[in-house]
Number of protein chains: 2
Amino acid sequence: MSELKVGLAGLGTVGAAVFRMLERRKAELEARTGRTLRVTAVAARDRSRDRGLDLGGVIWFEDPVALARDGDIDVFVELMGGDGDPAKAAVAAALDRGIPVVTANKALLAKCGVELAQRAEASRAGLHFEAAVAGGIPIVKTLRESLAGNTIERVSGILNGTCNYILTRMAEEKLSFHVCLGEAQRLGYAEADPTFDIDGFDTAHKLAILTSLAFGTQVDADSIYVEGIRQLTLADLEAADDLGYRVKLLGVAVRTETGIEQRVHPTMVPKHWPIAQVSGVTNAVAVDGDAVALTLVGPGAGGAATASAVVGDLFDVARGARGYTFGLPVAELTKAERAAMQRHEGGYYIRLAVVNKPGTAATIARRMADEQISLESIMQRRPDGAETARVILITYATTEEAVRRAIAAIEADGVISALPQVIRIEKD
Amino acid sequence: MSELKVGLAGLGTVGAAVFRMLERRKAELEARTGRTLRVTAVAARDRSRDRGLDLGGVIWFEDPVALARDGDIDVFVELMGGDGDPAKAAVAAALDRGIPVVTANKALLAKCGVELAQRAEASRAGLHFEAAVAGGIPIVKTLRESLAGNTIERVSGILNGTCNYILTRMAEEKLSFHVCLGEAQRLGYAEADPTFDIDGFDTAHKLAILTSLAFGTQVDADSIYVEGIRQLTLADLEAADDLGYRVKLLGVAVRTETGIEQRVHPTMVPKHWPIAQVSGVTNAVAVDGDAVALTLVGPGAGGAATASAVVGDLFDVARGARGYTFGLPVAELTKAERAAMQRHEGGYYIRLAVVNKPGTAATIARRMADEQISLESIMQRRPDGAETARVILITYATTEEAVRRAIAAIEADGVISALPQVIRIEKD
């Protein structure tokens, strides 16, 4: 039986899980592909560390680029992470010599996806990255292959398990953001420096890749509007609940009249939507095509789930499956027209802390009317004895620009006493 | 650009949708595959019918077998349906001459899957059938390719939109089974003779295929335990709701100690499960692997959704993707050990109409105890003035055999006045 020699760069949680999965499923994968998938070379920093893996007979490289460039391998698996070298140099080196690459590196693809796809195309080596978006959920294959007959209108998802864990616990247990962040850190769901997750950048990287696959555009992470979940309060989540919504950090890419709108921000979604019911660290992706609307739910991170996606890609390499990195030849990927966030249209939730004096509600309502914003509801509540009252506005569909102007005017009127909270609403 | 000549047998709703989708997505599919996908020959009964398709230049066959055997085609698409000839003969004829086949025919695969897979293997032609299970949901590709690294423990799903539509309307609008069936027929979701859908046979066909893909076994529809939804009453659905469950017609295949258990029956699932929240004609499939648990939700039927799956398969044919029909060579598909339904273990909902005399509850409780069945709850209610009372029992995990014996004993005791209702419960 012919062998598929796997070179594995990165032996952390995911790398070790891939190694073990290939051993555990050896006979099955042989039967399914007609080839023996075997790790023949690895690159990792610390050779002395005990990873519980039998690395006898496996060639050890200190330098992942050397493994990619010189290793006796049929496929290079990049599990180091990072959007620069050595990950980039190693992936480029493998592709340039015609060796297919499997990677879980979303940051690298979001930043250098087009360049790497070009290298892959030039040498006819595949660049596979199912593990880079939504972990164990096969959304890359679904967009690139299964939905080839569809024109995609919208792709959106819960793409960061850390944020969804925090939002779920806040809502279900009436806890503050900071308490839930601490819990996430204690459980290993969030890093010591959680910025990358909770400020939306991780979601944005994944969304940039999905956008390219869904719309046939060049990956363009820079044009994504990004807001994280740091500023959300329990009061907002409770108000959303009262109104029939849940708050999720969504990545959304949608075809509009002015171009592709890409945005990451907390979003109020109707409770009955499948995506609203996704709780904890679980991820979900919804795709709206002209023929089919799908929702895929599953684990977005973790060693086993990520390894499952990596091994699925190795299965494709072993059976000789071919395809363009982002579905289309690089020359056919269009430079996406960016739809400006200013022109985003939708409903809005606006929470204002207002000073307690007569006429405040009238002032707010007038500023909204000035911008042609219709209100679905306006609720005012002043806790007993408090100096400020809380006003929550729900608007009908309007534009981001109008909302920002109205809020600026209200601020200038001097009737609000703290930063306003704005959450976009998605609904049927 | 090289052409992929498509022969299309069957020009009903799905066939026409495939024809149109290939025209609409022509440029896109060319860019993605490097080939022009064009319908060059069709077979259908009534040539005079106006289908709104431009069939100029397309060769017309009266006989689908002749098209499969003699047509100048590169791929044969079978959309006629039926588990015998001409569908079977046509598929066999195409495979035997090495022409890949794309089919949406679940009945044919459930009955003749192994034989057809053998023919495909012998001539190295692919047999593709994404559209045969759960319509637009890419569950076949997910099981066969994406989850290749997983050992699958369980696959289950809402695989029949007609039943799910009826159960959803009953529960949400407090309507009887017969009223909802009538509505489903009026809307075209159910046939004039609805037996095939509502008695669970359609679900069983799809489950048989999923079981083979998930567990590497020979398709064996005959070993599936099948119960439909005809006997469900609104009272059962309301009781389930009170207890925190929804009732769904599920197909379930699960690896047990005694073999693969395959069953189709109404099932109470916890409301918070993603599958519980799938409403209307929508389908859903949940897969539990050792590395990944996924739930896929989408349209299970309809022209556009089915065409999407067919075109996804044609995309794979065009790019030369190869794979075994059921994931493994036929010689490696095991003959599944059937787990007897008698040995099924789980919780049960049992509703009894009991005669109104002292000691009835005690009799029932004793019969349960005789079979070592522990009760989670027992509720008795007698509507004012009624001759019979309703007793609802919820059991802890027990066996099908014990439940059946206990009920037989209670019937022999003469304390119940109508057929008992039994619904199996699935929970965490």
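Cβ coordinates are placed from backbone N, Cα and C, and glycine is handled just like the others.
Unlike curated records, TrEMBL annotations are generated automatically.
Residues or ranges marked as active site, proton donor in TrEMBL: A:K206. Listed in sequence order, A:K106, A:A110, A:A132, A:V133, A:A134, A:G157, A:L159, A:N160, A:G251 are the same-chain residues six or more apart from A:K206 (active site, proton donor) with CB atoms under 8 A from its CB. Taken residue by residue with DSSP, A:K206 (active site, proton donor) is part of a helix.
What TrEMBL lists as NADP(+) binding site is A:A9, A:G10, A:L11, A:G12, A:T13, A:V14, A:G15, A:A16. Note: A:L11 (NADP(+) binding site) has non-local neighbours A:F19, A:V42, A:A44, A:R51, A:L53, A:L79, i.e. same-chain residues 6+ apart with C-beta under 8 A of its own C-beta.
The feature NADPH binding site is assigned by TrEMBL to A:K106. Secondary structure at A:K106 (NADPH binding site), taken from DSSP and collapsed to helix, strand or coil, is helix.
Look at TrEMBL and you will find A:E191 tagged as L-homoserine binding site. Secondary structure from DSSP puts A:E191 (L-homoserine binding site) in coil. Taking Cβ-Cβ distances under 8 Å and a sequence separation of 6 or more, the neighbours of A:E191 (L-homoserine binding site) in its chain are A:Q185, A:D197.
Look at TrEMBL and you will find A:349-428 tagged as domain 'ACT'. Residue counts for the domain 'ACT' (A:349-428) under DSSP, split into helix (H, G, I), strand (E, B) and coil, are 24 helix, 30 strand, 26 coil.
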Fewest other C-beta atoms within 10 angstroms, as judged across A:A9, A:V14, A:A16, which are the binding-site residues
A:A16
Integer average pLDDT (0 to 100) for the domain 'ACT' (A:349-428)
89
Taking each of the binding-site residues A:G10, A:G12 in turn and counting other Cβ atoms within 10 Å of its Cβ, which one has the fewest?
A:G12
Through the lens of DSSP with three states only, how would you label A:G12 (NADP(+) binding site)?
coil
Give the sequence-ordered set of same-chain residues, not counting A:A9, A:G10, A:L11, A:G12, A:T13, A:V14, A:G15, A:A16, with Cβ within 8 Å of the centre of the Cβ atoms defining the NADP(+) site.
A:L8, A:A17, A:V18, A:F19, A:A44, A:L79, A:M80
